[in-house]
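Take a look at the structure set out below.
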Amino acid sequence: MPFVVVITGIPGVGKSTITRLALQRTRAKFRVVNFGDIMFQEAVKAGWVSHRDEVRKLSLKVQRELQLKAAQRILEISQKEPVLLDTHATIKTPLGYMLGFPREVIEVINPRFMVIIEANPSEILGRRLRDLKRDRDVETEDQIQRHQDLNRAATISYAMHSNALIKIIENHEDKGLEEAVNELVKILDLAVNEDA
């Protein structure tokens, strides 16, 4: 039976770091799949982009097509082994925020758990400014908070279409990373035990 745990958070929240560290400690065995990487691979195959950060600037129609292709690939993987899906609940595009999982996509993936990683907007802004490798939009702290609020709302919608449980984990600069990693480890261990 397919088994997916989705982990989301806006760029700069520390989602990938928390995921990497939690997977080193959990008893559960998950394959980490990055939704954006799969979309990027599909977009490169089609000749639409050459850099990952260009995907969010494609037309909404093309992005939705890429999302559905990615969902099908994730479903195939999750039928063989549990998947920890690293992704974004919403994506900021030039025209506004796009849902990371339109209804037809979330219904294909059908996750068991949705984990949201959050931090204070000032912490996220600082992390983004230190990460010069990525081509990220410049946002104010208010815009960052709005994006996190939209992620919560979107995640509730996803849970409605998949019956997934929702967990919010906070990742703060002052000892928050260790606590966040421990919380995710508990969720991953619990997720696998619930499925047994």
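Backbone N, Cα and C define each Cβ position, glycine as well.
According to Swiss-Prot:
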- GLY9, ILE10, PRO11, GLY12, VAL13, GLY14, LYS15, SER16, THR17: ATP binding site (BINDING)
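Annotated ATP site GLY9, ILE10, PRO11, GLY12, VAL13, GLY14, LYS15, SER16, THR17; additional same-chain residues within 8 Å of its Cβ mean position, judged by their own Cβ, are ILE18, ILE117, ALA119, ILE124, ARG127, ASN171.
Cβ neighbours within 10 Å of GLY9 (ATP binding site), excluding its own Cβ and spanning all shown chains: 27. When Cβ atoms from all protein chains are considered, those within 10 Å of THR17 (ATP binding site) total 15, not counting its own.
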